[in-house]
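Visitor: Structure below; questions to follow.
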Amino acid sequence: MNKIEFDFDDMHPYIKNNSIFCFQVSFFSTSPELSNKQRFEYFTRTIPSDHYQVKAMVDIVGRMGWKYISILYEESNYGIKAFEELEDLLATKNICIAIKEKLVKDSGVAGEHAYDSIVAKLLTKPRARGAIIFGSDQEVAGVMRAVRRANATENFSWIGSDGWSARNLVSDGNEVEVEGTLSVQPQANPVRGFEEYFLSLTVENNKRNPWFAEFWEAHFQCHYPNSSRTPYNQNFPGTCTGQETLTKENMAFEGQLQFVSDAVMAFAHALRDMHRDVCHGRHGLCDAMKPTKGTELLRYLRKVEFEGLSGDNFRFDPQGDGPARYNIIHFKQVSQGVFRWVRVGEYWEGELRLNMSEIQFKLGHPQPPESVCSLECELGQAKKYLEGESCCWHCFNCTQYQIRHPTDETQCQLCPQGTVPDQRHTKCEPIPEEYLRADSGWAIGAMAFSATGIVVTALVAGVFLRHHDTPVVRASGRELSYILLLGIFLCYAMTFVLVLKPSDIVCGLQRFGAGFSFTVVYAALLTKTNRISRIFNAGKRTAKRPSFISPRSQLIICSGLTGFQVLINAVWMVVSPPSAVHHYPTRDDNLLVCSSSVNASYMISFSYPIVLIVICTLYAVLTRKIPEAFNESKYIGFTMYTTCVIWLAFVPIYFSTANNIAIRITSMSVTISMSATVTVACLFTPKLYIILVRPERNVRQSMMPVRYSAVRGPRHQSISGPTGVTSSVVGAGNLLGVLPPNHGMESGSHSDAGHSTNAANNHSSTSKQLTTRGTQTLNCVNNAEKHVTINNTTHTMGNGPHRADRTTPRWCVALNVGLK
């Protein structure tokens, strides 16, 4: 460090006549008010402002985890300004003040009862165990005595200011009450050389200090020769000899002398820097410093930076205050009955460094006491603040599906649909998607059933293709039968679409396929029942062939009926596109389903097939009296009745299983498959029986009704006529299924004629009628094999054109149409 040399005698008249004496460089004024440079422009200090002391104390409170504390502060500028700073800083840290009380500055004015009253108020908030005391040693000593009198030693832990910490006046006799105190003191190190210098002083070699003689008298309790009599030295017993010496044992040095030396050094450095710049190294004052400008000197003063006599680097902060450096000291019981102030950390320019392992508030209890008004709520609980309190609350549990609001701790937040709180009710977790998985038992069962149906359908189609031109297949309406089998296959195949994971495409396939497969089946059945009904109704009224009964016409009609369903689906998909959505029937469900299954909109797809089913059922009822041989309507009717029963059972199952997606999808797929199975069993089993088990009946002759056959079984005798007449009549009857009642005889009459060899003689009239009817039937069958004549128009089928007799019965015309 450079040596600073000034001739103050030269500078004295210039300094005296100028405003330099308005400058102050304080070494012990800590009030935060003095940092306001609008009011105290020329005030500077080497000690930090209490603002930083307060910040250090608040940081200590935060490190202890305290949220609810009391404050005692001295009724002086020192205490009041510190309290104002404390209030503001504690509020920013969400730390509440339970009790705030003033301490009378002059301890002689306040009696012990005043301190007892303050302690009693502190005890009204037993959960506020942490307390800050910002005051002087005399007042704080009175508080500690009151604590002992109230037997509240274990109730408080103190945070102390520099005005009373490490002061024997407070701790002596009150060790148990003061134990555990954490205090903040400005950091000051010993000034090098000062102790040796001061111990070497005597009254004789320090005459420049007029008060040193009084210090000597007070220190050695004697009257120094030739000194003035004062109220302080007149009672001293002896006279000072001048041989007394100052020693380390009989002297206690002020711990904050560093700030004094820093103040002097700062002023000296400012003058030196200004002299160097203005006078350019000239010895003594130059004309530019006559007079010295106060504002210029202040500018140099605020910029000084040097290493002080303590070894610490010094500089002023922007407010003209000394560096914010504090020691954190702790009054602890180092051993049983032995108490000591120890350094446990520091506050260095805004950063708290605390050695928590060195802190113990009571011997053997290193953990800080709890100082909160209310304990933090458990996970999944929210706070309800007490009226007028910001740190006191009651905790209440959030409900089953709520968590505490992430930003408002006083409210619970309902988890969104599809999520539920985790076990600790801290966050909402998504509910796993639930849908019918292909590897589940329900899906496997449904697919097995459908796969079996597909195999059976394929076998039936194979049999029909193999026997494509046989009478049974032809009589069944081959084209419509194949369409029917296609619809049945689609019904079975829908199961495999229904068990797929829902997506927009899958939902579109489900929506289209469910109704379309049924429409194909029942459009074919409706076309077939309508054809049968029209044929026989026409046969009763006229010999004219009904319109639109050819295979091509039937295919066109069936396609038109099916196309209407396609149109419905197309419009539906445009108006409401299919999509996979999450459905939440209850708070615990997260069903991945198609949007159509959430409500009853699937009925849009099924509404048209239902209309077809109803019409088919009506046709089945209307054609129920057609005789057995021609009566495929009976099987169609049975199919319709069974289908209605199946779907009437399905509807309540479907709507009652909204929460169980597996059962709902499985019931739908099984219902569709069962409807297809009923159709296969009722309509194709009788035909398969004839084709595979009774192939001898799969001939044209076997298609005639029994009531028109001349022979029944081996016991019957044939009426006269060409060979094969009987077979042809039976075949025709089986195809049409009904003839007008006046064109046949009862089967009992046939049986009597067959069993009695004398029937022709005894009942000649009956035999004659039978012979006539047999001849007509034979002619009708022969004509059917060769041609069909409608409205005097010949349709060649065999050996050439023939003109129909106008007396040909109408049933014969219907027979010819049916065989065609």
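The first residue you see is number 1, and the count goes up from there.
Cβ atoms here come from the backbone N, Cα and C positions, even for glycine.
According to TrEMBL, the feature compositional bias 'Low complexity' maps to 755-767. Look at TrEMBL and you will find 442-707 tagged as domain 'G-protein coupled receptors family 3 profile'. The annotation region 'Disordered' is assigned in TrEMBL to 741-773. What TrEMBL lists as transmembrane segment is 442-465, 480-500, 512-533, 554-575, 600-623, 635-655, 661-684.
Are these features on the surface or tucked inside, and what are their neighbours?
Guide: Away from its own ends, the transmembrane segment (442-465) comes close to residues 436, 473, 478, 481-482, 485, 488-489, 491-496, 498-499, 662-663, 665-666, 669-670, 673, 676-677, 680, 684, 688, 691-692 of its chain (Cβ-Cβ under 8 Å, at least six residues beyond either end).
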Visitor: Can you work out which residues elsewhere in the same chain, 6+ from the ends of the transmembrane segment (512-533), have a Cβ less than 8 Å from its Cβ atoms?
Guide: 477, 480-481, 483-484, 486-488, 490-491, 493-494, 497, 549, 554, 557-558, 561-562, 564-566, 568-569, 573, 602, 604-606, 608-609, 612-613, 615-616, 619-620, 622-623, 626, 630, 632-633, 636, 639-640, 668, 672, 675-676, 679, 683, 737
Visitor: Considering every residue in the domain 'G-protein coupled receptors family 3 profile' (442-707), what is the mean pLDDT value?
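Guide: Reported value for the domain 'G-protein coupled receptors family 3 profile' (442-707) is a mean pLDDT of 84.
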Visitor: Quick check for me: are there 3+ Cβ pairs below 8 Å between the transmembrane segment (480-500) and the transmembrane segment (661-684), leaving out pairs under 6 residues apart?
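Guide: The answer is yes, given that the two segments have at least 3 Cβ pairs within the 8 Å cut-off.
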Visitor: Excluding the flanking five residues on each side, which residues at least 6 beyond the ends of the transmembrane segment (661-684) place their CB within less than 8 Å of a CB in that stretch?
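Guide: That would be 434-436, 440, 442-443, 445-446, 449-450, 453, 456-457, 460, 481, 484, 487-488, 491-492, 494-495, 498-499, 514, 517-518, 521, 525, 591, 593, 597, 632, 635-636, 638-639, 642-643, 646-647, 649-650, 653-654.
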